[in-house]
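**Q** Below are the features I grabbed from TrEMBL:
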TRANSMEM  20-38  transmembrane segment
TRANSMEM  59-77  transmembrane segment
TRANSMEM  97-119  transmembrane segment
TRANSMEM  198-231  transmembrane segment
TRANSMEM  237-255  transmembrane segment
TRANSMEM  267-287  transmembrane segment
TRANSMEM  322-340  transmembrane segment
TRANSMEM  352-370  transmembrane segment
TRANSMEM  413-434  transmembrane segment
TRANSMEM  454-470  transmembrane segment
TRANSMEM  476-500  transmembrane segment
Amino acid sequence: MNEICPPEENATQRNICYTSFFWVVFLVISSCLPLLLAPKASAKYIGIAFHFITNELGWLYMLAGLVSFIFVLWLAFGPLGDKKLGEEKEYSTFSWIGMLICAGVGAGVLFGGAIEWAYYMSYPLQGETVGSKKAIEWAGAYGLFHWGPVCWAIYATLAVPMAYNYYVKKVPILNIAQTCKGVLGERANHWPGKVINIFFMAGLVAGSATALGIGVPVIAACLVSVFGFAPSFQLEFLTLLGITMLFCMTSYLGLKNGLSKLSDLNVYAALFLLLFVLIVGPSVFIIETSLASLGLLTTEIVRMATWMDPSSETSFVKDWTVFYYAWFVAYAPFMGLFIAKISRGRTVREVVLGPVILASLGCGLFYLIFGNFGLHLQLTGQLDVVELVKTNKGATVIMQIADFLPWAPLYKLLYALVMAISMATTLDAVSFALSASTTKQLQPDEEPAHWNRLFWAIVLGFIPTGMLFIDGPLSILQTASIVVGLPVLFIIWLGVYSFLKDYLRDGWLTD
């Protein structure tokens, strides 16, 4: 077979697909140079493309979310639900769920859970008057929705197709192109497959760097608040350097010895934070408001998943819902690959319901507890969070909210630690996906070469460092990854169609 990157023995150097490796490096450098040299002009053109996607193609993303949700429900409760993917389980359910959440959302829920509701309250949600009781209820429910079952279904869409290919068909190649082989045939091993992999990897590198852009300002704001440091470039740079060193170390150690253990630690620390706020905060208000938000989400999830608000001039759906859908779509191949790798021995039902139900609940806890604590401050007049987020950085507002808790300095330090670990686990998972995609053969009990994972970890830290030096907003990278991620939407469904063809042709249902 005349492949561009034919499988070879697992020698460290000879098992790397250098075609994909160097092309991705080239694309990342050539894409980042304009951002570094002309960030304002780059932001302008990327913004134009993003505006077109959210305004003209928003319906496509909303439809993709619905179809993904229906597809994973069919996988869970259809004839394939009890089918097992591989041999014995590799990770405990606790570690498995922890890795799902830490890889899939990381610092995002820590940041958004605390203050995202305040941004929502500036919009007439579902046609309700801004600031009305019903609008406040919708603000609480929308945070759960944006990190909830539909968006996690987008993440889970490719997990079973990739796990089927890897564990059932026993194809020792873990990348997105191989998942499309049922349609592409041998072209998955030639340039069409390589283009798919390279495109996915380049977008993932650029977009994942924004995880540091979310968390670094929060940690720096914490250090300023607790220790009285002056806000400075040096402080943010040292914070970024420390986090980069942490995920470089865990990347080198691998999934079992690095990421899984760090995720476990992070889950315990995060649960402690959540329980602390629930106990010392307005417990009854938090519980009652949480139940109301969960009830509203449960009864209105179909409406929220289809509401485009075409007759109104409000931009909420485009600013938030379409943005989140596009973000999840851009990262779906990465999460599909990662979920597949850590899900050996689990049933199809577990692989899709774990993310859709358990990971959604895990994310929801941050919105229910942190968010409702801040909402209580707003409604009782102790702190006008809605106005603060309009005029201040989100990181600063989070610290102001924390000042209303007992032992605020200790809480802030633990919050910053959880934020740092969350970023490290997310980027560790990304470095695994990148190194796996550039590895020719990867058996289920193997991991990519240490140097390969370490290389991508360094690259992921280098990009935000460069943006920090030029004082460029990392949101450019996030927006760019969504723009580049538009073709990923079609790659996802190419992989799904390929899986449906494969399992029917292979007779998996009757095995």
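Counting begins at 1 with the first residue displayed.
Placed from the backbone N, Cα and C atoms, the Cβ positions cover glycine too.
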**Q** Excluding the flanking five residues on each side, which residues at least 6 beyond the ends of the transmembrane segment (237-255) place their CB within less than 8 Å of a CB in that stretch?
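**A** Residues packing against the transmembrane segment (237-255) from afar: 212, 215-216, 219-220, 223, 262, 341-342, 420-421, 423-425, 427-428, 431-432, 447, 450, 453-454, 456-458, 460-461, 464-465, 468.
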**Q** Between the stretches 59-77, 322-340, 413-434, which wins on the count of C-beta pairs under 8 angstroms to the transmembrane segment (198-231)?
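**A** Looking only at 59-77, 322-340, 413-434, the most contacts with the transmembrane segment (198-231) come from 413-434.
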**Q** Counting Cβ pairs under 8 Å that sit 6 or more residues apart, are there three or more between the transmembrane segment (267-287) and the transmembrane segment (322-340)?
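**A** These two segments do not touch.
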**Q** Any chance you could find the range in 20-38, 59-77, 322-340, 413-434, 454-470 with the most Cβ pairs under 8 Å to the transmembrane segment (97-119)?
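**A** Ranked by Cβ pairs under 8 Å, first place goes to 413-434.
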**Q** Tally Cβ pairs under 8 Å between the transmembrane segment (59-77) and each listed stretch (20-38, 322-340, 413-434, 454-470), then give the stretch with the top tally.
**A** 322-340
**Q** Mind checking which residues reach the transmembrane segment (322-340)? Cβ under 8 Å, same chain, six or more beyond either end.
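**A** Hits for the transmembrane segment (322-340): 53-54, 58, 61-62, 64-65, 85, 99-100, 103-104, 146-147, 151, 154-163, 166-167, 174-176, 179, 200, 203-204, 207-208, 351, 355, 429-430, 432-433, 436-437, 478, 481-482, 484-486, 488-489, 491-492, 495.
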**Q** Who are the long-range neighbours of the transmembrane segment (454-470) in its own chain, taking Cβ under 8 Å and residues 6 or more past its ends?
**A** 25, 28, 32, 35-36, 39, 205-206, 208-210, 212-213, 216, 233, 236-237, 240-241, 243-244, 247-248, 251-252, 427-428, 430-431, 434-435, 476-477
